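Features reported for this protein in TrEMBL:
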type: ACT_SITE; residues: CYS343; note: active site, nucleophile
type: COMPBIAS; residues: 395-411; note: compositional bias 'Basic and acidic residues'
type: DOMAIN; residues: 12-200; note: domain 'CobQ/CobB/MinD/ParA nucleotide binding'
type: DOMAIN; residues: 264-440; note: domain 'CobB/CobQ-like glutamine amidotransferase'
type: REGION; residues: 391-411; note: region 'Disordered'
type: SITE; residues: HIS434; note: site 'Increases nucleophilicity of active site Cys'
Amino acid sequence: MVSAEPWPLPRVVVAAPASGHGKTTVATGLLAALRRRGLTVSPHKVGPDYIDPGYHALAAGRPGRNLDPFLVGADLIAPLLRHGASVPTPVDVAVVEGVMGLHDGAVGRRDFASTAHVARLIDAPVLLVLDTAAQGRSAAALTLGMAAFDPAVRIGGVILNRVGSPRHETLLRDALAEVGVPVLGAVTRAAEVAAPARHLGLVPVAERAPESLAIVTALADLVEATVDLDAVLDLARTAAPLTAPAWDPLTAVGGPAGVERPRVALAGGPAFTFSYAETAELLTAAGADVVTVDPLRDPTLPAGTRAVVIGGGFPEAYAEALAGNATLRAELADFDGPIVAECAGLLYLGRSLDGAPMCGRLDLTARMTGRLTLGYREAVAVADSPVVRSGQPVRGHEFHRTTTDPRHGDRPAWRWNDADHGFVTGRVHASYLHTHWAGHPDAARRLVEACR
């Protein structure tokens, strides 16, 4: 951490009673509309999701960042918010999109890692989005219940979504006035904007860049036309000064691991879009020269690459194109530096994905299934690897519809729920587990040291 004076950062959390009420529509539209006003906006997302932050980044013009107490610990949430709102330049306002319902936390942990939990940790007011398509006065009762459930969470306003008519809007506004909650916007059913979807939610921005930009533009138009932006800014300004110091990647890794700057290639491009911004920041702070490689288009690794990190994404959508890049696949099969792979990276390193040839670095085959595997995991490293030491506990999450055969190697990467998972072979560490390196920053330093 770095010392800092209290910062009166205007901020607001966009939440809802449940998934499907329109949080992403409103949050993304708010970011884009506020940016149109000439404001610098910091986008954030509660939880581990990779896709929404991509739309946030497109709307705000700066990286979308995650705030997840399960992955990084509650003590880092306010510092990570301040860091994201400070680099490369301090912002005028921060918008945080929630996850699921306002009070829905990690299973078995009450509201831990919920939107309400994060709102408390960053001391921010909540803007509640309500899908009102099938309700009238009950919307006020629902709002009152959401507010009373945890008095420490301050619902400062409501945005009505899927309003049917002017008469319906008047009914809703009158009911909410009775319980003292201001309505800051009303979006009609006719004005809804459709976003492309896939099995894990929205389609990543990188996969359909022109369409994604058009969606964000339409969302900005929608919010400008239906939401009182001045009232939203006034609400954001009621947040108390942020007293937590900003998270600092250099402090987190303990400084550069030597004088040499080994080159570390991070997989990117449309097939590998799942990456937290802090990963590159930590690697850079640990002394790495961080570059990007696109396995769809780049025939070779960047010259001088000493280590490779391959994160998540949707390689199944690009299996044939990945298979067609035979030169890069062959190079990765023989690469003698450390390789760290998560989820999609695991599949790419295998022999095949749904029959399409992959790198063959790992002796496994992968295929799509009809079953979604997702959830938080409390894992323990089974073996020493370029990013963890044997016995080290790490928190992560799974998010996939594929399976591998075998499911783990002779030296598994992790153990959780009384089962082994993943592969550690040579200098490769690969598994389905997504991790946030701000929660275990030693991974970055360990990887850089493994390059030497």
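Using the three backbone atoms N, Cα and C, a Cβ is placed for every residue, glycine included.
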Neighbour count (Cβ, 10 Å) for HIS434 (site 'Increases nucleophilicity of active site Cys'): 22
List of residues, in chain order, with Cβ under 8 A from that of CYS343 (active site, nucleophile) and at least 6 apart: PHE274, GLY311, GLY312, GLY313, GLU398, PHE399, HIS400, SER431, TYR432, LEU433, HIS434
Mean predicted confidence [pLDDT] for the domain 'CobQ/CobB/MinD/ParA nucleotide binding' (12-200): 94
Counts of helix, strand and coil residues, the region 'Disordered' (391-411), according to DSSP: 0 helix, 14 strand, 7 coil
